[in-house]
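According to TrEMBL, the protein carries these features:
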{"type": "COMPBIAS", "residues": "1-10", "note": "compositional bias 'Basic residues'"}
{"type": "DOMAIN", "residues": "540-693", "note": "domain 'Helicase C-terminal'"}
{"type": "DOMAIN", "residues": "737-772", "note": "domain 'UVR'"}
{"type": "REGION", "residues": "1-78", "note": "region 'Disordered'"}
{"type": "MOTIF", "residues": "201-224", "note": "motif 'Beta-hairpin'"}
Amino acid sequence: MLRAARRKRLAGLPAPDARGGTGRDCTECTLPSPEKSMRNRGEKCVPVRYKRPSGRRATLHDRLQSLPPSPSARGLRVTSTTVRAHPQAAMTDLSQVPSPYDESKFVAFEGSPFQLYQPYPPAGDQPGAIRQLLEGIGDGLSYQTLLGVTGSGKTYTMANVIAQAGRPAIVFAPNKTLAAQLYSEFREFFPRNAVEYFVSYYDYYQPEAYVPQRDLFIEKDSSVNEHIEQMRLSATKSLLERRDVVIVATVSAIYGIGNPTEYHQMILTLRTGDRISQRDVIARLIAMQYTRNETDFQRGTFRVRGDTIDIFPAEHAEMAVRLELFDDEIDSLQLFDPLTGRVRQKIPRFTVYPSSHYVTPRETVLRAIGAIKAELRERLDFFYKENKLVEAQRLEQRTRFDLEMLQELGFCKGIENYSRHLSGAQPGEPPPTLVDYLPPDALMFLDESHVLIGQFNGMYNGDRARKETLSEYGFRLPSALDNRPLKFAEFEGKMRQVVFVSATPADYEKQRAGDEVVEQVVRPTGLVDPIIHVRPATTQVDDLLSEIHERVKAGERVLVTTLTKRMAEQLTEFLSEHGVKVRYLHSDIDTVERVEILRDLRLGTFDVLVGINLLREGLDIPEVSLVAILDADKEGFLRAERSLIQTIGRAARNVNGTAILYGDRITDSMRRAIGETERRRAKQIAHNEAHGITPRGVVKRIKDIIDGVYNVDDARAELKAAQEAAKYEDMSEKQVGKEIKRLEKQMLDHAKNLEFEKAAAVRDQLAKLKSQVFGASGEDHIAPAA
């Protein structure tokens with residue numbers, strides 16, 4: 001009956017002609033009617049959706065036309081303004097968009113939801129490693145280790161294991177930069193599946209802290225990267241909706257987020273034909289922390305036009321959903337581009353997820369308010385008994401304000417500090433984290449596990465020390481201590497089937513995995529590990545100089561590692577005096593300049609790089625044919641077995657790779673490192689001979705990672721820094737303010753584009769400027785609590 005009424009109401013509207021127009025002149029534009037002038041040219045008029053003014057002040061008509069598309073067949077309004085139809089104006093079905101990938105290279109496995117894009121078949125040790133890992137997973141092994149050397153294609157192996165196992169997976173990386181690289185590679189291997197990115201969404205984060213010695217309270221200050229926040233929300237949505245999911249995460253995944261059960265309860269499912277009123281939809285969206293905004297339509301907002309509601313989901317970056325109602329019934333659902341307004345696809349069903357992981361049902365908030373008040377009374381009694389009146393007044397004022405915000409809005413600034421009450425957990429219980437969103441049969445890969453395990457171990461203690469001081473001095477309730485990362489033992493209890501991935505597994509991996517170690521030693525390129533020579537330390541400098549001259553003649557590069565900063569400086573000076581183009585990589589050089597130095601080494605700006613610790617991830621330079629380790633017989637962290645193997649591996653990407661260890665004796669660490677390298681080398685050579693493989697060098701494009709230019713000469717660099725300082729001193733207060741704003745915007749733009757090295761460089765520049773102008777250091781010098 002309702003639809004019949006609608007048809008009757010629409011019956012009086014002008015009928016479109018055969019060409020799509022209304023058969024009459026447009027009222028606001030200069031185009032004549034289709035009957036008069038478009039018949040002979042085969043063109044048609046269509047109702048306008050968006051009309052943007054070009055280079056002039058917008059008139060009232062322009063502004064009306066720039067409103068979002070009006071439903072033209074829902075009995076609300078029909079626009080009669082016409083324009084010539086654009087050839088791409090028709091609705092685009094997302095499923096019909098052509099794929100840029102070669103369809104013949106997609107591989108599907110029985111019972112697996114993944115479609116793996118294989119640009120090349122597994123080679124070297126990859127087929128055996130894939131088979132052994134899958135057998136271990138099938139046998140229910142809790143821990144396995146993938147011992148993969150540099151350049152052996154460990155990421156490709158992981159992708160094959162995930163695709164063939166057919167189970168959701170999470171891959172941990174030790175930092176954001178490596179996580180971004182893994183995310184990019186997995187998206188290449190799984191373009192048709194959900195590859196998600198879950199890292200800390202803070203571009204800048206200064207946690208709240210109190211320094212009792214100076215009676216200094218540092219307010220929380222942070223800058224959230226909206227793009228990464230959207231990716232985090234997309235990650236949890238994918239885990240709740242589908243099985244073909246790969247999450248790339250950092251240790252941020254063990255920090256508390258919202259309870260998955262309550263998060264799932266807040267989901268709003270919309271289906272065509274469902275009966276729901278507009279007021280109910282709006283109320284549900286507001287409860288999910290969506291904001292109504294009629295002018296600035298962005299992620300996490302919605303707008304209302306008559307019986308049409310446009311929703312920009314918090315977990316989507318470039319797609320919004322249009323909900324059209326007719327008499328409290330969902331008439332249609334459409335996906336559209338929020339920028340152009342073009343409808344992309346009609347859908348029968350859509351699920352709207354909350355705008356934040358911390359969204360909580362109203363009943364839970366009211367229950368939490370009661371629990372917070374009870375804890376507040378208990379804590380105030382304690383302070384009064386201890387005659388700590390200042391702390392009592394401080395705590396009551398701050399907590400009462402938060403309670404008012406929770407009562408009225410359902411959330412408050414720093415709501416994570418009340419996570420224990422909101423989740424209903426007991427004191428000391430682990431908080432809900434991303435790991436709780438994983439299904440029980442998920443796979444876990446810990447990339448560079450020898451670094452990651454240490455990070456997981458250290459997160460809890462550092463966080464607790466700061467919050468204990470806040471609680472003791474009345475800035476937070478004791479329950480804030482339960483807003484914390486997982487303890488390592490708790491993380492272990494939540495682990496699924498784990499694969500440790502490392503070229504040098506540490507003791508923890510060896511202890512857990514035992515004999516379940518899968519080796520990936522043979523590279524697909526046929527490259528073998530470097531030849532190792534041990535030479536006396538007494539003549540190491542002269543011998544090194546002669547070796548450098550040979551490499552420079554061949555157009556190759558050299559890495560030299562020393563034990564102390566002083567020795568590195570003296571060696572750099574000595575080599576420079578003897579005509580060698582050399583640079584010195586030390587701890588005072590920031591991340592950005594470090595990347596530039598490595599790039600200049602590859603370009604041939606200089607030939608030799610001297611450093612103390614060249615083990616950091618990312619130092620893979622195919623042009624390096626010689627690694628020289630001075631004083632290799634001095635036992636310690638820098639000359640331990642794992643450190644030596646990592647350093648020797650820096651020459652493994654060159655066909656002529658060689659490592660020279662200078663020492664007057666062979667230590668146990670040297671013996672083990674040499675033995676392990678020789679074992680791998682023998683296996684690689686045997687494989688090449690058996691299969692007739694000729695080793696070929698790695699061709700790696702030299703990227704312009706950083707746009708900045710750094711001078712080779714240290715004196716000129718210092719002069720440049722002095723000139724910068726003088727420029728800031730000559731600026732007025734207004735100019736300094738503008739410069740700070742410019743740098744802050746530049747930093748946020750770099751972080752939004754996942755260019756973390758550039759963002760770090762601008763951050764350091766900003767800190768120096770503030771320190772120089774205002775006398776406030778940009779670094780955190782919080783003293784430990786007494």
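Positions of Cβ are set from backbone N, Cα and C atoms, glycine also.
Automated prediction, rather than curation, is the source of TrEMBL annotations.
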DSSP-assigned states of the motif 'Beta-hairpin' (201-224) in counts, ordered helix, strand, coil: 3 helix, 15 strand, 6 coil
Residue counts (helix, strand, coil, in that order) that DSSP gives for the domain 'UVR' (737-772): 33 helix, 0 strand, 3 coil
Confidence summary for the motif 'Beta-hairpin' (201-224), mean pLDDT rounded: 82
